[in-house]
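For B:G166, B:R167, B:S168, B:I232, the entry in TrEMBL reads NADP(+) binding site. The annotation domain 'Tetrahydrofolate dehydrogenase/cyclohydrolase catalytic' is assigned in TrEMBL to B:5-119. The domain 'Tetrahydrofolate dehydrogenase/cyclohydrolase NAD(P)-binding' annotation in TrEMBL covers B:140-281.
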There are 2 protein chains.
Amino acid sequence: MATVIDGRKLAKELNQQTKERVAKLASRGIQPGIVVILVGEDPASVIYTRNKQRKAEKLGIKSILKKFPADVDQVTVMAAVDQYNHDDTIDAILVQEPLPDQLDGQAITNAIRPDKDIDGLHPTNLGKLYANQPGNYPVACTPRGVMTMLHHHHVELAGKNATIVGRSILVGKPMAALLNNANATTTLASRHTRDLAAATRQADILVVAAGSPHLIKAEDVKPGAVVIDVGINRLSSGKLTGDVDFEHVQDVASLITPVPGGVGPMTIASLMQQTVDLAEWRHNGQK
Amino acid sequence: MATVIDGRKLAKELNQQTKERVAKLASRGIQPGIVVILVGEDPASVIYTRNKQRKAEKLGIKSILKKFPADVDQVTVMAAVDQYNHDDTIDAILVQEPLPDQLDGQAITNAIRPDKDIDGLHPTNLGKLYANQPGNYPVACTPRGVMTMLHHHHVELAGKNATIVGRSILVGKPMAALLNNANATTTLASRHTRDLAAATRQADILVVAAGSPHLIKAEDVKPGAVVIDVGINRLSSGKLTGDVDFEHVQDVASLITPVPGGVGPMTIASLMQQTVDLAEWRHNGQK
């Protein structure tokens, strides 16, 4: 029976550390600030954005929600990014996905100042991560939170096989880069992968971010594997469930995250942690 | 018995195309230009640099060799990079590796203008590649040459397993990104990989860039696999050999590159091709 990672507890501990760092910055007259740019009224985005705001305020981080109607044009969003790029009270700029079709999300991402790019999506930050450059730069918060969980549970990574299912820029690719930088042998699988079970069964560390409920069954998992479930799917019953068949996979894995209460809370806690990082790096002139 | 890829023949064809593109640019009064910055007298680097120069001149590309003594300091090299960043007759800046210990190679790479970064090593270019962004940006020339070879031989990549042995920034990582972008399932192995044979035996496409003579034997290769050997090792006999035991692996593979005469010529041809790309992109104001 696998040990179940308590993401809520870990997130609470991390948030406590973040709060203390915010207090230290306050004594220097600095308050970290994050702006979330939200376009339209996508219900999941509205909820997620609200959660981020509440958490930020609770930790003493300045939080701004910049809302645009669903039919906003590119120039208007780009002007807002430019404004926050130059706003000294803002350390972190987050553009909530998904964006409506008329917007060029990539141009918006590339316009964010790399040192305010809280999601680590700017090519300069992603490239530094992929190159395993030393120094300070933001990394996507979900994979960062996963690394914190693995570290907390003393999961050995060097020389181990890590398979990542799903290759988004926000999760799969930075996750693969982080695991590779930790000297794991990484396999990046996607919906194109023909024999997904072969790719997952070789994994000592399996990270699933496919957005497909119960995609991974017990027989797809190597006995003793560490299984990290990034999926959050809402079933027709209203119940939240992951990409992993938790009930059965927990009999095979050695360590596993639940949904909800696993990766989710750690993502928001890592977002707060990194907002404070960005504030510290910028105010200390670190690179 | 595997079909042996004729890298010299393919390179010749590619160089012919490049020459024609140079001629077209000449009719607009444009000559593509490359500068190679060489520090010290490393014998392999001197030979490789000379080959690049000769090839460039033969194709009508302006070629400058900027030599520094082995004990040059950081400021001097950075000043040279800055000079060529602003030199309108230079489209491509290449800093020949290895660099002596007193130099910070990463700071030098990061100082090259991304649109003159012929090796695709700048984090902005590497990040765009990893993110699979559309648009024009340089990619490391060895993996680019490998993709040209695979394309020429109509190797199907989508859904196939690709294993890359070696994870350098110049070869392994951009190779993995290119194969992933072509929808292959990519595994990035390194010297930390515990069961290398398991990683290589699953590969439909196997790219080896480990710098270890005859690391890959026949029993490490899946029957029918495509085997690309990036290694160039000089044996004590003076003979050049690859990372793959060609003599025996050719009985197992369906398609294989020899050493010499495989990847090597394609790397230089791709370097020339990309120098002309950079000139065209810059002069056409493309992004």
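Cβ coordinates come from backbone N, Cα and C, glycine included.
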For the domain 'Tetrahydrofolate dehydrogenase/cyclohydrolase NAD(P)-binding' (B:140-281), report the average pLDDT of the model, please. 97
Provide the number of Cβ atoms within 10 Å of the Cβ of B:R167 (NADP(+) binding site), excluding the reference atom itself. 25
Among the binding-site residues B:G166, B:I232, which residue has the fewest other Cβ atoms within 10 Å of its own Cβ? B:I232
Out of the binding-site residues B:G166, B:R167, B:S168, B:I232, ones whose Cβ falls under 8 Å of a chain A Cβ are B:R167
Can you name the residues of this chain that are 6 or more positions from B:S168 (NADP(+) binding site) yet have a C-beta less than 8 Å from its C-beta? B:A209
Among B:G166, B:R167, B:S168, B:I232, the annotated NADP(+) contacts, find the widest CA pair distance and round it to a whole Å. 16
Counted with DSSP (H/G/I as helix, E/B as strand, rest coil), the domain 'Tetrahydrofolate dehydrogenase/cyclohydrolase catalytic' (B:5-119) has 59 helix, 19 strand, 37 coil
